[in-house]
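S.K.: Here's a structure for you.
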Amino acid sequence: MPAKTTSARLTHLDDAGLPTMVDVSDKQVTARSATAESRVHFPAAVAAQLRANGLRSAKGGIVETAVIAGTMAVKRTHELIPFCHPLPIDGCRFEIDWAGAQVLQIVCTVRCVHRTGVEMEALTGASVAALTVYDMCKALSHTMRIGPTKLLSKRGGKRDIGAAR
């Protein structure tokens with residue numbers, strides 16, 4: 001029988017079906033981590049141009065700017081996603097590199113010691129970094145595509161998901 005990976009209940013709805021923030025005050029404080037990925041797909045000519053320019057655009061260093069924007073997004077996730085708790089982020093790391101001739105892979109890993117996980121922070125960081133890459137390159141093409149964006153792993157809560165990074 002496969003491992004259970006979902007809950008039968010939506011945690012952000014109360015008994016009356018109204019939206020609510022989950023009360024984590026009784027949860028155990030543990031080391032938490034999550035890793036998420038997003039990808040940016042480029043037309044062949046744009047990918048070739050970016051490779052030739054060392055991932056620099058007219059706006060500056062693409063990777064450097066994406067890391068800064070993604071990090072800022074991680075720290076502000078609770079301001080963007082209504083029921084995310086503000087968390088003391090202990091670490092945020094990005095790996096950005098080519099994953100094929102035309103695909104830039106963005107991996108964001110977030111760590112904290114708290115009562116709730118950092119999945120949304122990792123997903124937000126990877127997403128905003130991908131959006132920043134798009135913004136940095138849109139002068140070259142508007143046919144770039146972002147996705148998929150997905151959670152690769154999480155550690156430290158009720159259940160671990162995916163391979164640790």
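Cβ from N, Cα, C; glycine included.
Swiss-Prot feature annotations, pasted as is:
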- Phe83, Cys84, His85, Met120, Glu121: substrate binding site (BINDING)
- Asp135: active site (ACT_SITE)
S.K.: Give me the CA-CA distance between Asp135 (active site) and Glu121 (substrate binding site), in Å, as a whole number.
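M.R.: Between the alpha carbons of Asp135 (active site) and Glu121 (substrate binding site) there are 21 Å.
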S.K.: Pick out which of the binding-site residues Cys84, Met120 has the most other Cβ atoms within 10 Å of its own Cβ.
M.R.: Met120
S.K.: Identify, among the recorded positions Glu121, Asp135, the residue whose Cβ has the fewest other Cβ atoms within 10 Å in this structure.
M.R.: Asp135
S.K.: State, in Å as a whole number, the widest CA to CA span among the substrate-binding residues Phe83, Cys84, His85, Met120, Glu121 given in the record.
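M.R.: Per the listed residues, the maximum Cα distance equals 12 Å.
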S.K.: Per 10 Å Cβ neighbour count, which of the binding-site residues Phe83, His85 ranks highest?
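M.R.: Most Cβ neighbours within 10 Å: His85.
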